[in-house]
């Protein structure tokens, strides 16, 4: 496989030994565990000292739920399909598969393909699934006219809904994607013809019924301890902000009775005393763009009142409404407002782009992904992958037969390592933040629509209320020095190409 002067002793060694030599030299002690899962990460410079008003979504922002909820949603929607939509009873044998799907995937309705797409609209090969089985790369390329690229007009509108592709952006969509894949798997396995559009709509409607008809709310209310996580930390965050004279408000699509019981569980019976404004059943994202719905007041029991709303009073509960009336009645505008939510489109996009609020994205998956990144296995795989990439780029000019064979073997090995790295996160789809090397479509929008992002609201407890977040200056491609990719992984000892000239 060619020869290379050993970086340690200058003796010639076989290619296999080179692998070990570079591994040892690129990973100095202490390089792992560099990232903190409880940290807050900045896309834009923001000083908390300038923030006077903190706003929050409820589900998956203040209230974090256990994975058991996904199984319950899957099972109930599956039973709705069987009992109400008259789908085959054989679907009852399918159970929820934890970890099958990840957030941010796209679904091509006409082709029945669930897949991961990068920031440049390219399908990541090896991550396209029809049902529960992967689709060969060659078939994916053929389906899209000889390319991995998805044209802009097919992709999605501002809220992730295109003419043929739907993007699943919230955490509640995990059971929906798994149910969609399970039903398709059943129909394909049993050679049952189906209309792709009808099937997608039926499953969407079944999932919607679980939410709209309040079934999910009843499960959570019945067993708060089992479903809701980090309650004590939420109280600590809110109480700390109030003690520092910050104003708080809540805007959620969930109904008052559900939010009230959850907040009493996490914060206490007087939770409303912490908030200057509470708005329920807001109908986001329409709340941020539609001026037509006025606010309605609820009494302490959640019953609707009929009086016209001329002011938003502290301690009162309001339903529906719209952001334009909210701004007019409160005067809370611009960068003094920081709003947190988990859905990049429904919670954050309009607020940042149309209204100039600061935004914080809650990404619970961040904690797990950082723990994987901190492992020695990941760091070894990534570093050797980057080293191979650098070698391929520089050595591709050698076109003799022996050199070509070495380059082919490097390319094969690089692809194997890329697949291994992907599988560390999720065997089917990999990381929610990256394809093999590019940011995902989800990741690009995370950067676009959020000033800061974190695994949970409790991460705020690790920072002073006047803390300023500074995003790191990451190099553009034309600014990056040679082998910067290894410097970025924390590897301060890098091989110089002059010492590798013997590679063929």
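For all residues, glycine too, the Cβ spot is worked out from N, Cα and C.
Automatic, uncurated: that is what TrEMBL annotation is.
Annotated features in TrEMBL:
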- 57: active site, nucleophile (ACT_SITE)
- 57, 342: Mg(2+) binding site (BINDING)
- 59: active site, proton donor (ACT_SITE)
- 59: GMP binding site (BINDING)
Alpha-carbon spacing, residue 59 (active site, proton donor) to residue 342 (Mg(2+) binding site), which is rounded to whole Å: 8
Length of the line joining the Cα atoms of the residue listed as 'active site, nucleophile' and residue 342 (Mg(2+) binding site), in Å: 8
CB contacts for residue 342 (Mg(2+) binding site) [other CB atoms within 10 A, all chains]: 23
Packing count at residue 57 (active site, nucleophile) (other Cβ atoms within 10 Å of its Cβ): 25
Other CB atoms, at most 10 A from the CB of residue 59 (active site, proton donor): 23
